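K.L.:
Copying in the features that TrEMBL gives for the protein in this structure:
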REGION    1-59  region 'Disordered'
COMPBIAS  22-39  compositional bias 'Low complexity'
DOMAIN    56-183  domain 'ALOG'
REGION    171-240  region 'Disordered'
COMPBIAS  195-211  compositional bias 'Low complexity'
COMPBIAS  215-228  compositional bias 'Basic residues'
COMPBIAS  229-240  compositional bias 'Pro residues'
Amino acid sequence: MDLVPHPDSPHSDTNDNGGVGSSAPGLLLSPSASSASSPAGGGGGAASSALASPSRYESQKRRDWNTFGQYLRNHRPPLSLARCSGAHVLEFLRYLDQFGKTKVHTPACPFFGHPSPPAPCPCPLRQAWGSLDALVGRLRAAYEENGGRPENNPFGARAVRLYLREVRDHQSRARGVSYEKKKRKKVPAPPHPVPAAVISASSSVASSPHDGNGHSHHHHYEHHHHHQMPPPPPPPGAAA
């Protein structure tokens, strides 16, 4: 899809996919690209277009990639993708802030840290952290899909990760919201059931009159009782 500059195109902070729609100013689909993407007409053409249409994620990723490519071409001096680094990605993300629609309160604002301000304030609008994080993820995937090497991926640079973390922490404090994922409570695993065969065997052993050697306890008692020594005779003085 070709993109051409247009000075009066609208901008939006996020779209249904959590991405930055029309992020760069004045980027618009050219008429040739729009006509090429429309179905040729006829039932068969509409059916094949429906089957070949990409997912919403893929469509958003393609739009983001085209927007970033337009940004590189408008860069002064123009910047090639091979020379793009994490620093250029940070420039792009900061550049998008001017089109954001998320209110981020400054520390001097009385509504700093208030999740639901009761009145308007002059604090700036910024791109939401969630939108930037999702955008970087899509561009990171698109970079490698378009021939970039993973080890040279500027969207995976450490500086970009640190920047996103700073934006998340700052917006969390300024807006009074938490971006931390709730940890699920671990449910203790139920005890392993004892097989019925083991229970049956143990109960039969406990009820059996035999010992471990197969001998009867009753016979063993009678055996010892039968060989009991007689009591000693009384002393001679006791008889008198």
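Every residue gets a Cβ built from N, Cα and C, even glycine.
The structure displayed is predicted, hence computed values, not measured ones.
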K.L.:
What counts of helix, strand and coil residues does DSSP assign across the domain 'ALOG' (56-183)?
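P.N.:
Split by secondary structure, the domain 'ALOG' (56-183) comes out as 77 helix, 4 strand, 47 coil.
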K.L.:
I'm checking region-level scores; what's the whole-number mean pLDDT for the domain 'ALOG' (56-183)?
P.N.:
92
